[in-house]
Amino acid sequence: MDSSYQHDKPLLDEENSSQVTLEYTGDGSVCIRGHPALRKHTGNWKGSSLAIVFSFCSYLAFTSIVKNLVSYLTKVLHETNVAAARDVATWSGTSYLAPLVGAFLADSYLGKYCTILIFCTIFIIGLMMLLLSAAVPLISTGPHSWIIWTDPVSSQNIIFFVGLYMVALGYGAQCPCISSFGADQFDDTDENERTKKSSFFNWTYFVANAGSLISGTVIVWVQDHKGWIWGFTISALFVYLGFGTFIFGSSMYDFRNLEEAPLARICQVVVAAIHKRDKDLPCDSSVLYEFLGQSSAIEGSRKLEHTTGLKFFDRAAMVTPSDFESDGLLNTWKICTVTQVEELKILIRMFPVWATMILFAAVLDNMFSTFIEQGMVMEKHIGSFEIPAASFQSIDVIAVLILVPVYERVLVPVFRKFTGRANGITPLQRMGIGLFFSMLSMVSAALVESNRLRIAQDEGLVHRKVAVPMSILWQGPQYFLIGVGEVFSNIGLTEFFYQESPDAMRSLCLAFSLANVSAGSYLSSFIVSLVPVFTAREGSPGWIPDNLNEGHLDRFFWMMAGLCFLNMLAFVFCAMRYKCKKAS
């Protein structure tokens, strides 16, 4: 509450004090006018549901571009397959690195709400430029063509790529902010609302996959059959709808006060610890410097309790005479609070967990490469209907859409009976289960490929680049298993980074969880590029040749399954040693 309220009212008795505590949120959040947030008017599902709607609309628009970008580059801009693949890879990498930009600005300068407004505006402008790019041929050939279209081909390319990278920046930068902002609507000091926060991440992932399914079927069909102008128009309208809904609910949101730049605080700890590297640590950790009172020195952030381990950085909280300036104030580059030190410790402890999840992202990347290549040399006809190999990715999406409600309504209550935890299992346990299912997906793909190669051998098709008489439906289990892995690992990873990150760094930490996808893509590309180096020797076509009937894609899948197993062991080791944060 503000100071005027506190001075104007008489001292509250215990009963009235309890009522006021229940009336207002306990995490220091405020309403849009800057007043303490009232539970019944702001936050909770009232605010977070609008964030979920915005996530659905923006992800639908974004994936409608992702899923058919190669088609636009080759058919409309007439790029070669190699050039199109390169442009898609570069743009995709930018999309998953942009979250770091948005998260840094949100946590350091702008706040999450303003960052979302700014970068969603950039997202919309980018979509409008894509729409203009698709309309250039019509404008340049009309009776009132503009003088600027003297070279419509180059103009179309410039407009398209500027718009495309604005979409990457706009969508990517606001992505971690909207997830963190939606989760902020639940009060960390309330046990019931903390449980709802886990549900928020489940349903956010659910609606994102629903948007992906719609964009990959309906909007892609519109792009291919009705034209790109209609396709980009529908995508833009969805973003307008989501953005308008988000702004409309501004009065229902809980806002967190903007803190000091998190990276500066981290640097202060490192500098202070190095400065005191020769000092001996006290045996009693209670003598380490911490801000007096119940609140933290970092505005809007809870205090973090001291933890053992990484003791070198504890030196930053040791008080020495040289820490004081001439005016008696503490030099923040020589002395830091325990909470600051613990922030750095949290980031260091989370890194090994993040690193062990990179291979999971690399396994997911196989859905868009080796799984499709495998499906292209299988029998794709069911009666007179032909199933495109790439369309089988929909099984993964459908699995997620089915399993998220099952997890929320069935599995969590079952887990709760055994563990006694409100959320059933911890995010780390959830991630470990997902890693196990990703390994099973690779095993399933290897078994399918071994059987396919055996049929190719029996039918005498080894040296012919043709499909093998084995139904593509056999790929169903590997897509389904990888979808199960997503429900556990991807949602668990997001929940883990939000739950364990320092209060003042949540957007930044969620951005790093998204950067995991980018790192996984690069790792997958690296592994695939190494395969021919070590397997295509002395006349051997290697494991993944142009004619898969001559290769051994099954060995590649077995190798990935083995790597998944070793990675799972590494994850279990890191998870068992991980120390959860302790917030007061």
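All positions are counted from 1 along the displayed chain.
From the backbone N, Cα and C atoms, a Cβ is placed for every residue, glycine too.
What TrEMBL lists as transmembrane segment is 49-68 (among others).
The transmembrane segment annotation in TrEMBL covers 113-138 (among others).
Positions annotated as transmembrane segment by TrEMBL: 158-179 (among others).
Positions annotated as transmembrane segment by TrEMBL: 200-222 (among others). Within the same chain, residues 48, 51-53, 55-57, 59-61, 63-64, 67-68, 179, 182-183, 185-186, 230-231, 234-235, 393-394, 397-398, 400-401, 404-405, 407-408, 486-487, 490-491, 494-495, 498 sit at least 6 positions outside the transmembrane segment (200-222) and bring their C-beta atoms closer than 8 Å to a C-beta of that stretch.
The feature transmembrane segment is assigned by TrEMBL to 228-248 (among others).
What TrEMBL lists as transmembrane segment is 351-372 (among others).
The annotation transmembrane segment is assigned in TrEMBL to 428-448 (among others).
Feature annotation from TrEMBL assigns transmembrane segment to 510-536 (among others).
Counting residues 6+ beyond its ends, the transmembrane segment (556-576) has Cβ neighbours under 8 Å at 352-353, 356-357, 359-360, 363, 366, 370, 428-429, 431-432, 435-436, 438-439, 442-443, 445-446, 449, 527, 531, 543-544 in the same chain. According to TrEMBL, the transmembrane segment annotation covers 556-576 (among others).
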Mark yes when the transmembrane segment (158-179) and the transmembrane segment (49-68) have three or more Cβ pairs under 8 Å (sequence separation 6 or more) and no when they do not.
yes
If you count every Cβ pair below 8 Å, which range out of 228-248, 351-372, 428-448, 510-536 shares the most with the transmembrane segment (158-179)?
510-536
By a Cβ-Cβ criterion of under 8 Å, what residues six or more beyond either terminus of the transmembrane segment (428-448) are in contact with it?
353, 356-357, 360, 363-364, 366, 370-371, 374, 474-475, 477-479, 481-482, 484-493, 495-496, 554-555, 557-558, 560-561, 564-565, 567-568, 571-572, 575, 578
So which residues does the transmembrane segment (510-536) touch in its own chain, when a touch means Cβ under 8 Å and the partner is 6 or more beyond its ends?
89, 92-93, 96-97, 99-100, 102-104, 172, 175-176, 179-180, 354, 357-366, 369-370, 493-494, 496-498, 501, 542-545, 552, 555-556, 560
